[in-house]
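Engineer: Have a look at this one.
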Amino acid sequence: MLSCIFQDTIFLSSFLAVSLICMTTALWGTILLVERQPLLSESLSHACYPGLLIGALLSYKVPAFSDSLWVIIFFGCLASVLGCLGISFLEKKLAMHKDSALCLVLVSFFGVGVILVSYVKDCCPLLYNKINAYLYGQAATLGYTEAKLALIIFCLSAVVLWWWYRQISVAIFDREFAYSCGLRTRTAELVVLVFISLVIVSGVRSVGILLISAMFVAPPLSARQLSDRLSTILILSSIFGGICGALGCYFSVAFTCQTVVEGKPISIILPTGPLVVFFAGVLVFLCLIFSWKTGWITRYFRRKWFLFSRDEEHLLKIFWYLREQNTYQVGMRDFVRSRKYQEYFGDKVFPRFRMFLLCKKGLVSCSEHQWSLTDKGLARAAKLVRAHRLWESYLVSQLDFNKNEVHHFAEEMEHVLTDELDSTLSQMLQDPDYDPHQREIPKRTRKSDGC
């Protein structure tokens with residue numbers, strides 16, 4: 001079945017066109033996402049609607065422009081650029097909030113488009129059926145001309161992003177620095193605007209005005225979960241966009257079938273545009289869940305591991321506090337009844353498994369049911385207690401906390417004290433010997449002892 005589908009020239013042209021369009025929208029969508037303007041694609045896609053209709057009317061009415069794709073693209077891009085200029089005017093001249101300006105331009109231009117559609121419906125019924133493809137998408141009507149156009153736009157987009165990469169990246173992350181370096185960021189911004197408008201206009205027939213903004217957002221959002229580098233995000237985003245477009249096209253054809261309802265044959269056709277967006281949404285969901293950097297599962301296990309490590313460190317601190325009371329070896333019952341154990345673990349039973357792990361790590365030893373710290377465990381516990389008491393000293397001396405209110409904060413912060421931060425705090429506090437409660441602060445060891 002797969003080979004039969006790809007031998008169909010009509011399917012192959014629409015397949016290539018949609019895949020290339022989705023790859024291009026993903027490229028420029030990455031720029032919008034990093035600039036924190038993902039809704040701009042939604043506004044510009046609706047703003048181009050009246051321009052597309054005017055271009056379609058001219059190509060239908062004027063013999064010189066008969067069935068000219070370039071006329072439609074030109075007026076669509078013009079309307080989209082005007083929409084962007086309108087947003088900028090509302091923001092800068094009328095001090096309108098960004099979101100309000102986006103919404104106003106969206107509804108205003110789209111309203112004009114709806115008025116034009118009502119006119120077209122009465123005077124040009126044949127054209128009316130054709131322009132519905134702009135609103136909802138109709139990938140099956142995309143031929144090799146559209147596929148070639150999509151390929152040209154994709155190649156131009158890749159070249160422009162490569163050529164203007166430095167200007168665009170600097171303008172995104174530090175506009176003032178770009179101005180001070182003399183980089184032509186204004187030209188780069190204009191190029192980005194023109195290409196976004198061109199991509200929207202050339203792609204509305206594949207996904208539709210109502211859904212094309214999803215392809216500007218979903219693939220970059222998926223790629224952002226996997227990398228922090230702009231260049232990597234651009235590449236991954238383009239790949240994801242192409243995959244979503246290809247899957248949407250294939251499944252819209254593969255799952256088309258006929259059935260019989262009340263004796264009448266009915267064709268069940270899955271539209272390409274919604275399927276493309278559906279797969280893009282599934283991809284975002286999978287990346288949000290399974291991303292190895294920021295995915296929900298990764299964060300869940302990272303948090304569980306932190307809590308597990310924190311409890312191990314609390315056990316070591318309990319041994320330290322017992323040593324301060326001259327108890328160097330302790331049995332299970334006395335350990336559980338100690339004040340610090342009750343503070344950290346409440347009424348929980350003796351943690352045999354955690355103690356077993358601490359023994360395996362060489363931090364705790366057990367002899368005749370008596371537990372004690374090893375030299376390695378003592379160094380680890382000293383580092384934790386030092387971190388706790390340094391943080392208490394910092395909060396009291398530098399941030400004017402009451403000394404009776406800092407214990408809880410220090411309990412949370414002691415687990416994230418690095419060697420560099422330890423040195424910084426020691427210098428800032430002039431290497432104190434005692435904390436605000438007049439308890440001795442353990443001295444820093446030269447070697448972290450596996451900490």
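Quick reminder: no glycine exception, Cβ is built from N, Cα and C everywhere.
What Swiss-Prot records for 14-34, 38-58, 70-90, 100-120, 145-165, 192-212, 233-253, 269-289 is transmembrane segment, and it gives sequence analysis as the kind of evidence. Residues or ranges marked as region 'Disordered' by Swiss-Prot: 432-451. Residues or ranges marked as compositional bias 'Basic and acidic residues' by Swiss-Prot: 434-451.
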Engineer: Take the transmembrane segment (192-212) and find every residue of the same chain, 6 or more past its ends, with a Cβ under 8 Å from one of its Cβ atoms.
Structural biologist: 14, 17-18, 21-22, 24-25, 28, 31-32, 40-41, 44-46, 48-49, 51-52, 72-73, 76-77, 80-81, 84, 133-139, 141-142, 146, 149-150, 153, 156-157, 160, 168, 245, 272-274, 276-277
Engineer: With CB pairs under 8 Å as the measure, which of the listed stretches 38-58, 70-90, 233-253 comes out on top against the transmembrane segment (100-120)?
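Structural biologist: The stretch I would name here is 38-58.
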Engineer: With pairs restricted to those 6 or more apart in sequence, evaluate whether the transmembrane segment (233-253) and the transmembrane segment (14-34) have 3+ C-beta pairs under 8 Å.
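Structural biologist: Yes, the transmembrane segment (233-253) contacts the transmembrane segment (14-34).
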Engineer: Do any residues of this chain, six or more beyond the ends of the transmembrane segment (145-165), have a C-beta under 8 angstroms from a C-beta of it, and if so which?
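Structural biologist: Residues 13-14, 16-17, 20-21, 23-24, 27-28, 31, 69, 188, 191, 195, 198-199, 202-203, 205, 231, 234.
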